[in-house]
Amino acid sequence: MFVDIHTSSKQYKAEVGSGILREAGKTIEALAPASSYLIVSDENVANRYLDVLVSSFSKEPHTFVVKAGEQSKSFHVYEQLAAFCLEKQLDRQSVIIAFGGGVVGDLAGFVAGTYMRGVRFIQVPTTLLAHDSSVGGKVAVNLPAAKNMIGVFHQPEAVLFDTELLATLPEHEWRSGFAEIVKLGFIADASFLAWLRETVPALTSIKADNLQKMVAKAIAIKADIVGKDEKEHGIRAHLNFGHTLAHAIEAELGYGKITHGEAVAIGMRFAFRLSLRFTKEDLRLADYEEWFSALGYDLRLPAGLSAQRLLARMKSDKKTNAGKIVMVLLAQLGAAYTKTVDEHLLLELLEEELGGRS
């Protein structure tokens, strides 16, 4: 399956299919001829699949492997990778290939966007979550106190998504990626949301053809939003539904202590509750709480967190305007909007959530 992605800066395709990794090198060489190729991966992916990707090239590419986990989205690792590019004499005709999950995609993409003021790169995601981060051109590294704060917009030349690679993912990584897929239904496509509820009663029961349809549709929805607002001046902010609180949770717990998507699921439930303060629409929150619980999500705020500290973290969100927290809310299922929300209301709801843990 192919999805066309059109932005103001670039047009490219995302290919979603089973077994495409085995021919990925030839595909990349035909699509983006280069003076040299560099594959960036993490230890987990490299141990399983790096040889398959390397052997698919006609000429052996350079490889750079980082530790798995959010700690690799740092300035220290960024500098190491940029120095490696210089050592291996990558030039402006080179192509960097991000082969991994969202961390690798962000790191490799940020280096590609800044090395020599920008070289081409290709996304080869290996997690369900990375269906989201691999499309749209947002690439960044973290600051110790805030996620994705230092970055650029740098669109890839292509996205190659081999769904066979998802077979080895642990269940918590399925939950992480699936939350971002459901998010797209919540904010932009109620019919897709209904199809997901009907098709996925359990994450272990997704058929191969439905998995490809699900990923391709999610990419298409995001591509449509990004095509209308590449640099996030308007509706692209809707993709941050659930993320204002999610990023605060991740920072408070320490990056890597909870998966991004599981934090987003908690953040979406909070945003649902907040949305109900401003709409008379029936958002069917209880139905979605029941479905997510059946899928194995814990939608409660993690124990031991402080409402005041979470609120302070939320003020570091990129949507914040003049110190005011801007939240993505639902007008109805399939339709989102942004709203500046009084911090006293946010604090009240956070304290309710933390006080309601049992």
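We count from 1, first residue shown onward.
Heads up, the Cβ atoms here are built off N, Cα and C, so glycines get one too.
Lifted from Swiss-Prot, the feature list:
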{"type": "BINDING", "residues": "GLY102, VAL103, VAL104, GLY105, ASP106, THR126, THR127, LYS138, LYS147", "note": "NAD(+) binding site"}
{"type": "BINDING", "residues": "GLU180, HIS243, HIS260", "note": "Zn(2+) binding site"}
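What Swiss-Prot annotates, mapped onto the structure for a quick look.
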| residue | record | Cβ contacts under 8 Å, 6 or more apart |
| --- | --- | --- |
| GLY102 | NAD(+) binding site | PRO125, THR127, LEU129, ALA130, ASP132, SER133, SER134, HIS260 |
| VAL104 | NAD(+) binding site | VAL40, SER41, ASP42, VAL45, VAL66, SER72, ALA98 |
| ASP106 | NAD(+) binding site | LYS73, SER133, VAL139, ALA140, VAL141, ASN148, GLY151 |
| LYS147 | NAD(+) binding site | HIS247, GLU250, ALA251, TYR255 |
| GLU180 | Zn(2+) binding site | LEU129, HIS131, ASP132, ALA218, GLY261, VAL264 |
| HIS243 | Zn(2+) binding site | VAL264, GLY267, ASP317, VAL328 |
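Other Cβ atoms within 10 Å of the Cβ of THR127 (NAD(+) binding site), summed over all protein chains shown, number 26. Secondary structure from DSSP puts VAL104 (NAD(+) binding site) in a helix. In the three-state DSSP reading, HIS260 (Zn(2+) binding site) counts as helix. Listed in chain order, the residues near the Zn(2+) site other than GLU180, HIS243, HIS260 are LEU129, ASP132, SER176, ALA179, LYS183, GLY242, ALA246, GLY261, ALA263, VAL264, GLY267, each with its Cβ within 8 Å of the site Cβ centroid.
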